[in-house]
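**Student:** Okay, here's the structure, questions in a sec.
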């Protein structure tokens with residue numbers, strides 16, 4: 001794949017989050033987008049608190065937190081309201097306030113991401129919307145009183161919220177609802193100088209992406225057809241997050257900012273990609 005620009009071309013963010021305290025939910029490993037955001041925020045000077053979703057992830061998250069000098073404030077399974085309450089109680093005890101919260105949480109039954117959306121069960125629909133969308137509102141409810149001096153709420157979405165994407169099904173519906181939530185939360189919380197935004201990241205090879213069928217094909221398609229002729233990295237998403245979490249974006253709220261090498265502006269296959277169709281098709285499973 002095409003190489004990304006060197007680090008020397010990246011914007012210097014040193015110190016823009018100095019003195020800021022932030023909670024990041026959803027770090028799973030050092031390849032996750034949440035990790036890219038956490039590392040960039042720490043490099044920008046922020047003091048961080050992290051959570052883990054299930055007990056099995058704790059042993060992965062604690063070493064990552066130690067690497068950043070971050071505090072692990074406990075398990076946060078957003079399907080269990082009491083764990084959300086416990087995390088925010090721990091943050092209040094730790095700092096007494098917050099400057100930003102980053103929500104990197106989503107879930108759907110992997111088996112129902114294949115096949116047809118029309119076959120989605122009510123149980124999976126409700127669970128997908130609750131975890132992938134409503135949890136952001138639940139977190140905003142609890143963060144509001146700790147964002148005493150204003151601040152920033154940030155979540156992650158994907159282009160499948162706007163257009164049909166293969167193997168995305170109910171997650172596309174959940175992300176569309178999440179993007180609408182960003183706009184309504186921005187309107188509700190703006191009078192307290194709390195900004196609410198989302199990053200729509202392009203496809204990145206992460207643990208979460210492993211649940212999406214034909215992911216290598218999707219990744220390569222984006223590389224061949226995006227205006228920048230490449231895919232993006234967790235570092236690039238992280239640096240964009242720093243912008244949205246810092247005073248540099250103090251006039252930005254209710255925004256869905258695409259970090260996808262420009263793919264969202266494309267209307268049809270790039271002619272230069274046509275010669276590479278054989279490579280693309282080779283990534284798809286043979287028809288049975």
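Yeah, the Cβs are placed from backbone N, Cα and C, and that goes for glycine too.
Got these off TrEMBL a minute ago, pasting:
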- 158: active site, proton acceptor (ACT_SITE)
- 168: active site, proton acceptor (ACT_SITE)
- 26, 32, 33, 53, 77, 78, 105, 175, 204, 205, 206, 207, 208: NAD(+) binding site (BINDING)
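So that I understand the layout, could you describe where these features sit and how close they are to other parts?
**Tutor:** The secondary structure of residue 158 (active site, proton acceptor), as reduced to three states from DSSP, is coil rather than helix or strand.
Cβ-based neighbour count (10 Å, all protein chains) for residue 168 (active site, proton acceptor) stands at 22.
Reduced to three states, the DSSP call for residue 206 (NAD(+) binding site) is coil.
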**Student:** Should residue 26 (NAD(+) binding site) be counted as helix, strand, or coil on the basis of DSSP?
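**Tutor:** Looking at the DSSP assignment, residue 26 (NAD(+) binding site) belongs to neither helix nor strand, so coil.
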**Student:** Among 26, 77, 105, 158, 204, these being the recorded positions, pick the one whose CA is nearest to that of residue 168 (active site, proton acceptor).
**Tutor:** 158
